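The following features are taken from TrEMBL:
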{"type": "DOMAIN", "residues": "23-287", "note": "domain 'NADH:quinone oxidoreductase/Mrp antiporter transmembrane'"}
{"type": "DOMAIN", "residues": "289-342", "note": "domain 'NADH dehydrogenase subunit 2 C-terminal'"}
{"type": "TRANSMEM", "residues": "57-80", "note": "transmembrane segment"}
{"type": "TRANSMEM", "residues": "92-115", "note": "transmembrane segment"}
{"type": "TRANSMEM", "residues": "151-170", "note": "transmembrane segment"}
{"type": "TRANSMEM", "residues": "177-195", "note": "transmembrane segment"}
{"type": "TRANSMEM", "residues": "201-221", "note": "transmembrane segment"}
{"type": "TRANSMEM", "residues": "233-254", "note": "transmembrane segment"}
{"type": "TRANSMEM", "residues": "274-293", "note": "transmembrane segment"}
{"type": "TRANSMEM", "residues": "325-347", "note": "transmembrane segment"}
Amino acid sequence: MNPYILAILLFSLGLGTTITLTSSHWLFAWMGLEINTLAILPLMAQQHHPRAVEATMKYFLTQATGAATLLFASTTNAWLTGQWDILQMSHPLATTMAILALSLKIGLAPLHTWLPEVLQGLDLTTGLILSTWQKLAPFALLLQIQPTNPSILVMLGVTSTLVGGWGGLNQTQLRKILAYSSTAHLGWMILILQYSPSLALLTLITYLIMTSSTFLVFKLNKSTNINMLATSWAKAPALTTLTPLVLLSLGGLPPLTGFMPKWLILQELTKQELAPIATLTALTALLSLYFYLRLTYAMTLTMSPNNVTGTTPWRLPSLQLTLPLAILTTATISLLPLTPTISALLIP
């Protein structure tokens, strides 16, 4: 792709998200989401592969549906209450429609079915943008909506953690596994959103760090399915040693960074007298942990069938930028000791 066109698309991607993050009027927020969607479509279709074009079309249709529903919800709210302000959305019908539209845009269960298929059709770099940056704008809007019926967010959250856990169990494609992982993590965020918005934001930040490092590891190794992970030893031995810790951090095991948000969320749910919900979500985390363990096993404890010449590839200098990977991997593995400081700063 022409670097000037790429620069314009990336600028538009940033602009769309920034407009949505800074808007207080529903029309501005909707406009930001539309700019965001239109900017990523050429990035998704740049491979000119049938799977990439198919994924782009699916993404466009689902995002257009979500945006249209959101516009309908905000117009309905303005019609019923006379308010266009995001924070003033008070009518139950409009609020529920807006929450469902934004759930479709970020891929919460049961509106998640487009996400694994779309992510599978993309390369790992565009998949990284889709799994991280594209979640920010809709999530910012969800943070600002005060639901009139609190049970809808709890239902969406529990369904997402369950579907994210069950869906990833039978997958062999890494991008589909990461898509289900994304749905499960977003379920945790939505579950706690109405009780502690700052904790939901903390969970989002840790999710972005962990997912980015996982995508960058797979990109460096050029791995797209579980069998290809077995060749990682010959390519980057040091990174292959650290990657299981990154994957287990995504699964939420102590003493890694991913344990922090889960621990604080379960604590907050128990304080809100939702112990059964807390127990159920803790059990769904075990489902996710199983497929992260599968990836860990495939990467570290299996050897790819190789002939002698293929065992050690030529050690040519990598053309990929490895500094972001180094920083994100370190953050994914070692941020847990900062929990008291973070909770003192973020959680009142």
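Cβ coordinates are placed from backbone N, Cα and C, and glycine is handled just like the others.
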**Complete:** Top stretch by Cβ pairs under 8 Å to the transmembrane segment (325-347) (candidates 57-80, 151-170, 201-221, 233-254) is 201-221
**Asked** Any contact between the transmembrane segment (177-195) and the transmembrane segment (274-293), i.e. 3 or more CB pairs below 8 Å with pairs at least 6 residues apart?
**Response** yes
**Message:** Looking at the domain 'NADH dehydrogenase subunit 2 C-terminal' (289-342) alone, can you tell me the average pLDDT?
**Reply:** 79
